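K.L.:
Below are the structure tokens for one structure; questions will follow.
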Amino acid sequence: MTHFPWLSTIVLFPLLASLAIPWLPDRKGTTVRWYALGVGLIDFSLIAYMFGRYYDFEQTSLQFVEDITWIDRLHLHWSLGVDGLSMPLVLLTGFITTLATLAAWPVTKNPRLFYFLMLAMYTGQLGVFVVQDLLLFFLMWELELIPVYLLVSCWGGKKRLYAATKFILYTALGSIFILLGALTMPFMGIQGVTFDMSTLAYREYSLPVEILLYTGFLIAYGVKLPAIPVHTWLPDTHGEAHYSTCMLLAGILLKMGGYALIRINMNMLPHAHALFSPWLIGVGVVNIIYAALTSFAQRNLKRKIAYSSVSHMGFVLIGIGSLSEAGLNGAMLQMISHGLIGASLFFLAGTTYDRTRTLVLEEMGGLATFMPKTFALFTACSLASLALPGMSGFFAELLVFLGLVTSEAYSPTFRAIMTVFEAIGILLTPIYLLSMLRQLFYGRSIGRPKALIDAGPREVFVVSCLLVPILGIGIYPKLATAIYVNTTDHVVQHVLSALR
């Protein structure tokens, strides 16, 4: 049974299934909605079954490996595999995409194209996490680009074209560096041409070449993460995109940047990574503090949450740069945690907009009286975002914090300074999140509150599904860390051994 092509099936099924959408007999979009939800459920069920039945928690090498020669002259292989770095993100992708199809239920404008793009994006995102061929990685990275552009430009707000154009310009610029790196690394060295990422991880490069490759990849993945100063596309895109698209962006797309930094920059270019690591920590600290302060100043609800995402992804940069097992484990857990929390906050922001028809915080207020269920859900997700003990974010940030403090790669002075700034950023988080809750749900009611409708069964179900793993991981972190801890420890040891 393990010889079954699990990964090819999981990756290609959403895209192939989406091709049937134009021929579905449907006038109002109901059939299309149920069809897309069914595709998401089937694919996520396959992922869950593969993981539960066959995944080996102790193994650090690739599992479910598929390697088929695709284009021989180009040395291009259909090479797939998962390990501890990719398996939790594959699970996260399937889970959030399935919920996003349900979140998109109110979309009435051309639902056929909307769900077609969502499923195509699903394939691209899964592909990024499972492919093991560097050129194929680039192709999958690009596959999700066009669907996001169309989802934002066709179903966004008033400034959707500006936001979509800004998104594609930033990401296309980053993609150029990925392509250059993907066409350079395989042809260097005496071992022969190969795009296999596992082989390239042990290939020797001169330090100047490694630094150039690392810089290009860092720019590309920094855009996706996003890292300051290449982050400005994110607030605009989140501010204009439909909230179901925001769930996919915050929950999955940002994680592609963090994953690629670990898989390619850290694992394949260890010498350059050691040189850049202090800068990663510095940028991570800037992410946390600058984005937290900027979030506090935002008047738009979705932009406020978007800047909070930039702040939280700073912990991922610090964990990756810490050169410690605890730090990298924390970075992985932060990606999982933020994927769940970010998706829940954007979903709630969108459903609140559906009722109030505004995202300007000054035009809201006093909603707790009229929308108690929305208030309770928003409060729970906000507390999770500020890393309340018992929630997934707490243990993630704690691991990153400990990873930096205990790292032997840096001087005590550097660790102390960065730790102080990191702590300041942690203290800023509750300021902007609790301020957001106060502006939304407390104070004087504005507008016509009698017309407001509280969260319905669909909204409660979606947020509850996200809160269950947030609480589960917060109470028992090993639910998540057991999936990847052996692999992340192996990656850290690989980097440290390369430096000896």
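These residue numbers are counts, starting from 1, taken along the chain as shown.
In case you wondered, yes, glycine gets a Cβ from its N, Cα and C as well.
Just so it is clear, the model here is predicted, and its values are computed rather than measured.
From Swiss-Prot, here are the annotated features:
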TRANSMEM  32-52  transmembrane segment
TRANSMEM  87-107  transmembrane segment
TRANSMEM  113-133  transmembrane segment
TRANSMEM  134-154  transmembrane segment
TRANSMEM  167-187  transmembrane segment
TRANSMEM  211-231  transmembrane segment
TRANSMEM  242-262  transmembrane segment
TRANSMEM  274-294  transmembrane segment
TRANSMEM  305-325  transmembrane segment
TRANSMEM  330-350  transmembrane segment
TRANSMEM  374-396  transmembrane segment
TRANSMEM  417-437  transmembrane segment
K.L.:
With an 8 Å cut-off on Cβ pairs and a sequence gap of 6 or more, do the transmembrane segment (134-154) and the transmembrane segment (242-262) reach 3 or more such pairs?
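P.N.:
Contact criterion met.
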K.L.:
Which of 113-133, 242-262, 274-294, 374-396 shares the most C-beta pairs under 8 angstroms with the transmembrane segment (211-231)?
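P.N.:
It is 242-262, which has the most Cβ pairs under 8 Å.
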K.L.:
Same chain only, please: residues at least 6 beyond the ends of the transmembrane segment (330-350) with a C-beta under 8 Å from a C-beta of the stretch. Say none if there are none.
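P.N.:
Here the qualifying positions are 85, 88-89, 92, 96, 99-100, 103, 238, 242-244, 246-247, 250-252, 254-255, 258-259, 262, 301-302, 305, 308-309, 312-313, 315-320, 359, 374, 377-378, 381-382, 384-385, 391-393, 395-403, 459, 462-463, 466-467, 469-470, 473, 477, 480-481, 484, 488.
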K.L.:
Using a Cβ cut-off under 8 Å, which residues of the same chain at least 6 positions beyond either end of the transmembrane segment (167-187) come close to it?
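P.N.:
Distant contacts of the transmembrane segment (167-187): 75, 134-135, 137-138, 141-142, 145, 148-149, 152, 193-195, 200, 203, 205, 213, 216-217, 219-224, 230, 232-233, 236-237, 264, 268.
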K.L.:
Under 8 Å for C-beta pairs, could you tell me which stretch among 87-107, 242-262, 305-325 has the largest tally with the transmembrane segment (274-294)?
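P.N.:
Most Cβ pairs under 8 Å with the transmembrane segment (274-294) come from 305-325.
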K.L.:
Which residues, given as numbers and ranges, are at least 6 beyond the ends of the transmembrane segment (305-325) yet have a Cβ under 8 Å from it?
P.N.:
225-228, 231, 234-235, 237-239, 250, 254, 257-258, 261-262, 266, 274, 276-281, 283-289, 291-292, 294-295, 298, 331-332, 334-335, 338, 341-342, 345-346, 349, 385, 393, 396-397, 399-400, 403-404, 406-410, 418, 422, 425, 428-429, 432-433, 436, 488-489, 492, 495-496
